[in-house]
């Protein structure tokens, strides 16, 4: 990881010589190039739990599966985007058809989740236990847990058949915002070094969530975005995009407001998203800018420029503090109660 405080201090020192701006600009370019190259360097993460996963390199084509969707089943909510991507709601799909097709295609799924610092004790066990009961049941799944405390990842339950766990050591940053933003670099590296030749799809989750019902193969797609539960009913003018023109995440318009707690797709597409977000975060840091909602702001910019092929409705990630649940027929995943004063100190 880059030590940004030290690098920025170095830039300030160097910019004091001569005209300064030319040197600082050159150094900025060099650092961006080094950052890009680092995405393709071999990962130095320490894998402490290693169980063999299922090899699968070619994802099943789900075009025909999505053609089977009943877009009229939910007349009170949007079920399709302007670019004809489905928005997945309960009653729209035949779960058995999706599961049967993906099983026949030997689809395999990698899940990444970060449990750094006190997030590990507060959330990880419940997250993984609930995933074992609801996430992609019947398909091979490998959980990739990124933590600074690998020796403390101890499961008191047995993983199901074709379910595996890998614990990967990562550094802990002093600010939770940096932990959140720098996960994009780690996701890109693990895809490059391991996932792309082993899994059909990868899903990336925040750890402070709990599965409550089926989160199944109907959610798989080439590029999958999560519609934010707090914004899906609001007018676009209320979306909290980054409005700072100095940030690479700047947006003055968009389609939806997406939640960075969940995103997924093929390894190629998720890596492209992670690279985009990481490099733009780096450039912002060089310019002493931080996007309003950190990696989520950059993720929204990416999906504005590169439309997702599938959207998940708020049924796939619901916040229980929202009183109006009239659109929500099933809560597949819910936000865990927030304990920021405990986990962010």
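The backbone N, Cα and C atoms fix where each Cβ goes, and this holds for glycine too.
Residue 296 (active site, nucleophile) counts 24 other C-beta atoms within 10 Å of its own C-beta, drawing on all protein chains shown. Per TrEMBL, active site, nucleophile is recorded for 296.
Residue 116 (UDP-N-acetyl-alpha-D-galactosamine binding site) has a Cβ environment of 20 other Cβ atoms inside 10 Å. Marked as UDP-N-acetyl-alpha-D-galactosamine binding site by TrEMBL: 114, 115, 116, 119, 206, 207, 208.
Residues or ranges marked as Mn(2+) binding site in TrEMBL: 206, 208. Around residue 206 (UDP-N-acetyl-alpha-D-galactosamine binding site), the same-chain residues six or more apart in sequence whose CB sits under 8 Å from its CB are 113, 114, 260, 261, 262, listed in sequence order.
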>> Around the UDP-N-acetyl-alpha-D-galactosamine site formed by 114, 115, 116, 119, 206, 207, 208, which additional residues qualify by having Cβ within 8 Å of the site's Cβ center?
In response: 113, 120, 123, 124, 127
> Taking 114, 115, 116, 119, 206, 207, 208 as the record's UDP-N-acetyl-alpha-D-galactosamine-binding set, what's the max Cα pairwise distance in Å, rounded to a whole number?
Replying inline: 11
>> What does the structure give for the C-alpha distance between residue 296 (active site, nucleophile) and residue 207 (UDP-N-acetyl-alpha-D-galactosamine binding site)? Integer Å is fine.
In response: 15
> Non-local Cβ contacts of residue 115 (UDP-N-acetyl-alpha-D-galactosamine binding site) (under 8 Å, 6 or more apart, same chain)?
Replying inline: 123, 124, 127, 145, 146, 147, 153, 207
